[in-house]
Amino acid sequence: MLNYTGLENKNVLVVGLAKSGYEAAKLLSKLGANVTVNDGKDLSQDAHAKDLESMGISVVSGSHPLTLLDNNPIIVKNPGIPYTVSIIDEAVKRGLKILTEVELSYLISEAPIIAVTGTNGKTTVTSLIGDMFKKSRLTGRLSGNIGYVASKVAQEVKPTDYLVTELSSFQLLGIEKYKPHIAIITNIYSAHLDYHENLENYQNAKKQIYKNQTEEDYLICNYHQRQVIESEELKAKTLYFSTQQEVDGIYIKDGFIVYKGVRIINTEDLVLPGEHNLENILAAVLACILAGVPIKAIIDSLTTFSGIEHRLQYVGTNRTNKYYNDSKATNTLATQFALNSFNQPIIWLCGGLDRGNEFDELIPYMENVRAMVVFGQTKAKFAKLGNSQGKSVIEANNVEDAVDKVQDIIEPNDVVLLSPACASWDQYSTFEERGEKFIERFRAHLPSY
């Protein structure tokens, strides 16, 4: 809906280029705004900056001159830029309007929105909703924090489509009129306190997701965190999910996902592993039911969706052994979730960059670990950990070598789990590269027929 006129002839300052700033600047120019882009980095050789300049958009880089505020612009801020940055801090003092580009996506599109936020699980929930839409004849376009710039996708959707948008707390701080038809808060734990300063500020940022909702909209949230999530501002119809008890919404009972007393699917038929993922699944299923996605499409998705790449991703089965790639587990909390996701014996591949951490906090989660294959800078620490718990420990040179060594010790029905609990930078440039090496090596060991 590029006939939106609310920004025509307005001065707008886009602070922070990156993908979202680039797309926001182009959109604002189409909407008739007088656009300036500012970035603290030198953009003199940046291709996107040159592209914007060719459109007549001013680009000021290398610093944040406060004179850019003299024409009282509306600020469109990159969500990763904290409010303590000089130009943003000064804009706040002057009372200037500060938005993020997801607000633009709402202003220009008539498509209903499913918005997903939370400390953990939001990417999985967003992706699963997208997969359920894909299995149906309906269209749900992914956008936001999941990697697709919301204001760009919003220009491409029809009013009959859904925008399925993942939102971080940073993005939610910059909304004014943004109103999802269906909002999901997966959970709220302590996080990003370096940005928000305290837990209360972080919680309030998450609650922004429902501040503009009305009685015709829906909020989906964790029943067991309802006191943290709900507030007097909440006007939407609230529905809950729970893996522990019957609730007004969706829940697990007798091993089935149940909605309004109707069994949808046996949890044993789900491909995505882990108790934490059960909550993610419940939230996604409920959102899709409310959006009109057929139950058959939902079931088709649940029996095939194996997760996000590198996040407890089901890679495949070799004979009776399932392999899981959790390379994104770069800290002990993520690995705790992974180890807690299986009842079968686990061969655990772990190790990586040594940041001076000890790993004793993983001991309570090692009950099902039968053997460990350790690698990287921390392999001695993990070997010590495994030996202290009476586990079989094998040392490997890297992830590829670890998968090779697994073949010597694997037994029927073992789960092979790469969950390093460490960053990858001692041996790999990214956790994605580490995960890809794991997958490649798994495939190399598949029997050829």
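Each Cβ is built from the backbone N, Cα and C atoms, and glycine gets one as well.
What Swiss-Prot says about this protein:
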BINDING   Gly118, Thr119, Asn120, Gly121, Lys122, Thr123, Thr124  ATP binding site
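Report note: the ATP site is defined by Gly118, Thr119, Asn120, Gly121, Lys122, Thr123, Thr124, and the residues of the same chain whose CB lies within 8 Å of the CB centroid of those residues, excluding them, are Val116, Val125, Thr186, Asn187, Asn280. In sequence order, Val125, Ile184, Ile185, Thr186, Asn187, Ile188, Lys206 make up the list of same-chain residues 6 or more apart from Gly118 (ATP binding site) whose Cβ falls under 8 Å from its Cβ. Long-range Cβ neighbours of Lys122 (ATP binding site) (same chain, at least 6 residues apart, Cβ-Cβ under 8 Å): Val116, Asn145, Glu166, Leu167, Ile184, Thr186.
Long-range C-beta contacts of Asn120 (ATP binding site), restricted to its own chain and to partners at least six residues apart, with a cutoff below 8 Å, comprise Thr186, Asn187, Tyr189, His276.
Note on the binding-site residues Thr119, Thr124: the fewest other CB atoms within 10 A surround the CB of Thr119.
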